[in-house]
Amino acid sequence: MSAIISTQPYLCQFNQRGIDEKGLCLGPTDDVQGGITAAMPGGSWLGALVSGIVSDAFGRKTSIQIGAIFWILGSVVVCASVNIPMLAIGRIINGFSVGICSAQVPVYISEISPPSKRGRLIGFQQWAITWGILIMFFICYGSSFIQGTAAFRLPWGLQAIPAVLLFLGLVILPESPRWLAKKDRWEQAVEVLTLIHGKGDPNSPWVIRELSEIREVVEFERANADVSYFELFTPSMINRTTVGVFTQIWSQLTGMNVMMYYITYVFTMAGLSEPGTNAVLLPSGIQFVINVVMTVPALLWMDRWGRRPTLLVGAFLMCLWLCVNAALFAIYGRAPYPGEFTSTAESMAVEGPPAKAIIAATYLFVASFAPTWGPVSWTYPPELFPLRLRGKAVALCTSANWAFNFALAYFVPPAFANITWRVYVLFATFCAAMFLHVYFMFPETANKPLEEIEEMFDDTKPGAIKYVGTPAWKTKNTRNLALRQERNEMLSSDEKMGVTGEHKESAA
């Protein structure tokens, strides 16, 4: 959307504000543009909530394929849009698809991944998303040179192609072994575990150990009552539900998606636009290149770094760059001249070296988000929850992401118009708050089998906090232990029981 909202074909097709003295279309009002943009995350919120029910009933793989079908339908409606209501409805359908897939793809990957590679593999999902955003942006940039409505209809039509490929590609992939076990399809579960973890050997110690853990968890969970969303708010689950939900909320309150949606507004205020042209699009596209490149370090080292340090460093750096931008706009910004900009959301103008500094700080902000909160916010929630709740829990967490995405997409244009540079102060405050929240409440889950993470939340252990479990700042990254287990090396009796350094520390 960010590559299209400033182009004349789009502004003229969905024009509500008339034409300026230069003969240029002014496009939708700020509130309506916020609503158009927010339509997709609004649909995503609903899709994420529904996805848990769909995933538990039909399987992780099938739920993603259902999401692909909705994306194709939404793309057809968006591509054919002739007015604002039709465009909004198409984006809601697209969003419904995104909600399903964004909730269940991390669950699917986490349930088929070995612990030492789980973060990297879910990180690849985030990397693929950044590639998709980058490719789509430059398709939109290229299409902006086309005259007429094809300038936005072409990219909106082409976006259906990846969904077709996703649907077909999933046909040959296995279902989650944990979901198969939950449905008593044990033979298929063993086949999948042998394929993905046993290198074809069903007698592999790692396969036998993992199957035993899955069987134990499934039998235990079967002895409990049927799962509902209400169980996520019981005293034994409320802490991890809060952590999972806030992981997704904080990822939105960093302000990163605001940069994605409205980067052209920011760079226009920094003097990179020319009225009636697409000059602002190319420098705006650099942030998407940075997003792709800077996600790579997370793919290589996120499991080595651990989840907590990555989130803490990201929150600190993003807070820094947001404060820099706030200061630059506050000190050097001026009110735009009449007719200087087409949108009232472009409420400040900065020139010269301060404008260049704003552009640099914006790029550094993206470079700080990409290897930290970008991939970890999708890796972390599926690791927190037991099997019986994982589908619904991650759906709830993801719905929180899209609810705040919706609110921010709608809020930012009028916010820039009314409180100007203070928007940056607001997001910087959020980043400072998330730093403190992560330090005190987010336990380390990297390199731990999903079944072992349950122990960290056991509040009956010595040194544990009631309703919380092991204090977050005492939890450690156990990468060496995970690697030894996956290589089928001999472990001590304590290690076999999953007793790691943080458990011993909490018991001391």
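Glycine is no exception: its Cβ is also placed from the backbone N, Cα and C atoms.
The domain 'Major facilitator superfamily (MFS) profile' feature in TrEMBL is assigned to 1-446.
Taken from TrEMBL, the feature transmembrane segment covers 68-86 (among others).
Residues 39-52, 54-55, 60-61, 63-64, 66-71, 73-75, 77-78, 118, 121-122, 125, 163, 176, 378-379, 381-382, 390-391, 394-395, 397-399, 401-402 of the same chain sit 6 or more residues outside the transmembrane segment (92-109) yet have a Cβ under 8 Å from a Cβ within it. The annotation transmembrane segment is assigned in TrEMBL to 92-109 (among others).
According to TrEMBL, the feature transmembrane segment maps to 121-144 (among others).
Sequence annotations record features per position, and here TrEMBL assigns transmembrane segment to 156-173 (among others). Residues 61, 64-65, 68-69, 71-72, 75-76, 78-79, 81, 97, 132, 136, 139 of the same chain lie 6 or more positions beyond the ends of the transmembrane segment (156-173) yet place their CB under 8 Å from a CB of it.
What TrEMBL records for 249-268 (among others) is transmembrane segment.
Same-chain residues lying 6+ beyond the ends of the transmembrane segment (280-300) with a Cβ under 8 Å from its Cβ atoms: 2-3, 6, 120, 123-124, 126-127, 130-131, 133-134, 137-138, 140-141, 144, 259, 263-264, 267-268, 272-274, 310, 359, 362-363, 366-367, 369-372, 374-376. The transmembrane segment annotation in TrEMBL covers 280-300 (among others).
Counting residues 6+ beyond its ends, the transmembrane segment (312-335) has Cβ neighbours under 8 Å at 250, 254-256, 269, 347-352, 354-355, 357-358, 361-362, 364-365, 368-369, 371-373, 376, 420-422, 424-425, 427-428, 431-432, 434-435, 438-439 in the same chain. Taken from TrEMBL, the feature transmembrane segment covers 312-335 (among others).
Tertiary neighbourhood of the transmembrane segment (355-373): same-chain residues 130, 250-251, 254-256, 259, 263, 266-267, 270-272, 283, 286-287, 290-298, 302, 310-311, 313-315, 317-318, 321-322, 324-325, 328-329, 332, selected by CB-CB distance under 8 Å and a gap of 6+ residues from either end. The transmembrane segment annotation in TrEMBL covers 355-373 (among others).
For 393-412 (among others), the entry in TrEMBL reads transmembrane segment.
The annotation transmembrane segment is assigned in TrEMBL to 424-442 (among others).
Here TrEMBL flags 485-508 as region 'Disordered'.
Outside the transmembrane segment (393-412), and at least 6 residues removed from its termini, the chain residues within Cβ reach (under 8 Å) are 31, 34-35, 37-38, 40-42, 44-53, 55, 95, 98-99, 102-104, 106-107, 229, 232, 240-241, 244-249, 251-253, 255, 257-258, 261-262, 345, 377, 381-382, 384-385, 423. Within the chain, the transmembrane segment (424-442) has long-range Cβ neighbours (under 8 A, six or more residues past its boundaries) at 239, 242-243, 246-247, 250, 253-255, 258, 307-308, 311-312, 315-316, 318-319, 322-323, 325-326, 329, 380, 415, 468, 472-473.
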